[in-house]
Amino acid sequence: MQTYLVGGAVRDNLLGYPVYDRDWVVVGATPEQMLQQGFRPVGKDFPVFIHPDSGEEYALARTERKSGKGYAGFRYYASPDVTLEEDLIRRDLTINAMAMDDQGNITDPYNGQRDLQQKVLRHVSPAFSEDPLRVLRVARFQARYAGLGFTIAPQTLRLMQQLAQGDELEHLTAERVWQEFQRALGEDSPQQFLVTLLQANALIKLFPELIAAARDTQTLTAISQPVDPRVRFAILLRSAFAKIPLAQRNQYIKKFCDDHRTPNAYRDLALQFCSQSDQLCHYSQLDAEQRLELVRQLDLLRRDEHLSLLLQGCSVICKETLAVEQQLPQLLESLRKINPKALMDQGFKGKALGEALYRTQLAVCQQQIDGVL
Ligand SMILES: Nc1ccn([C@@H]2O[C@H](COP(=O)(O)OP(=O)(O)OP(=O)(O)O)[C@@H](O)[C@H]2O)c(=O)n1
């Protein structure tokens, strides 16, 4: 029985990238032997085990055959006679199809090291097409490595286009698609994810709402800025739905986020940013009522955590950000100092208390405009 480090850990090790996740392949072992050694099985029919101490994944060397659509359509053949080379050939890209033994020797039957040097994302074999998720994975790797100069091999792009032509992409679950998208949003060149999917004719199947944004250079440059992935997402949706009247824009964003199973943290920021970005960018021109309305719409007195994300978004899309960056936090600080209890002590209650609070808050906004805050 032989154990090898495989996949992304070998790739990133050779690239000098940090390695977060280590996957292992075990050649020449049976499930019974793994269990005897204390490994825990991941699933009933799946030849993958968890190491009792490290918690890392150890998979028995296997071949895969596709026998139907979607993830249920995979058949595994794991047996002690499956070789390392046979296991590696079913993998997606040559740079992901290398193995390293415990002496640091690399097994690289499909020229992954050459492709790392030449900076090419290249499929290993026609088995690439057995898993449509790989269209998204290649786009995500391009988002990660394009800055290093990586490109996609033309033949691999053709396989991606062929996959996109059929109905395979429709069989991916929304969760898996979102997972790849979210990871791409956190990479160095997230715009490359969209550009690649567009080139593969896959964007129309996966995110048809984003086609115009993916063709727009200004949007692509904006989302490539080094900001939080949630901010990039908000900027992208702002561009995607810019032509929708403001009154209906929220509906479109909510539908997009429902359809794509977007986490609330992404959805909520996008809703806020898309509806209030014009006000934020023109903060210095807002009157007292508009400033207070902005604070209330963004719920900033209760939910401060969005402020820095919204300001990150402004730093990317606004022409002038000095006013909002300096004055909005200052206004919030002053508004927070208003003590409703003092108003209650003056005898205000119920609706009258709400009105008195509003007038006091408005006066604070006016003080900021008058430069006396
Ligand atoms: N659809 C997939 C998913 C995974 N793999 C193979 O399984 C390995 C591990 O997959 P995973 O942990 O998902 O990705 P990594 O390549 O390790 O990349 P990342 O750094 O993004 O985790 C990959 O390198 C690749 O060899 C594959 O061929 N096809």
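Placement of Cβ uses the backbone N, Cα and C atoms for every residue, glycine included.
No curator has checked TrEMBL annotations; they are predicted automatically.
TrEMBL annotations:
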BINDING   G8, R11, R91, R137, R140  CTP binding site
BINDING   G8, R11, R91, R137, R140  ATP binding site
BINDING   D21, D23  Mg(2+) binding site
DOMAIN    3-122  domain 'Poly A polymerase head'
DOMAIN    149-211  domain 'tRNA nucleotidyltransferase/poly(A) polymerase RNA and SrmB- binding'
The largest Cα to Cα distance in Å among the residues G8, R11, R91, R137, R140, listed in the record as binding ATP, is 16
Counting only other Cβ atoms and using a 10 Å cut-off, which of the binding-site residues D21, D23 scores lowest?
D21
D23 (Mg(2+) binding site) and G8 (CTP binding site), compared by Cα position, are separated in whole Å by 8
With DSSP as the yardstick, break the domain 'tRNA nucleotidyltransferase/poly(A) polymerase RNA and SrmB- binding' (149-211) down into helix, strand and coil residue counts.
44 helix, 2 strand, 17 coil
One finds that other Cβ atoms within 10 Å of the Cβ of R137 (CTP binding site) number exactly 18
State the Cα to Cα distance, in Å, between D21 (Mg(2+) binding site) and R137 (CTP binding site), rounded to an integer.
16
What are the other residues, in sequence order, whose C-beta lies within 8 angstroms of the center of the C-beta atoms of G8, R11, R91, R137, R140 at the CTP site?
G7, D92, L93, I95, N96, F141
Restricting to the same chain and to sequence separations of six or more, state which residues have a Cβ under 8 Å from that of R140 (CTP binding site).
E180, R183, A184, E187, F193
For R11 (CTP binding site), list the number of other Cβ atoms lying within 10 Å of its Cβ atom.
23
Mind looking up the mean pLDDT for the domain 'Poly A polymerase head' (3-122) in the predicted model?
92
Cβ distance under 8 Å to G8 (CTP binding site), same chain, sequence separation 6 or more: which residues?
V19, D21, D23, N96
Can you name the residues of this chain that are 6 or more positions from R91 (CTP binding site) yet have a C-beta less than 8 Å from its C-beta?
G7, A97, V124
Using DSSP, how many residues in the domain 'Poly A polymerase head' (3-122) fall into helix, strand and coil?
33 helix, 35 strand, 52 coil
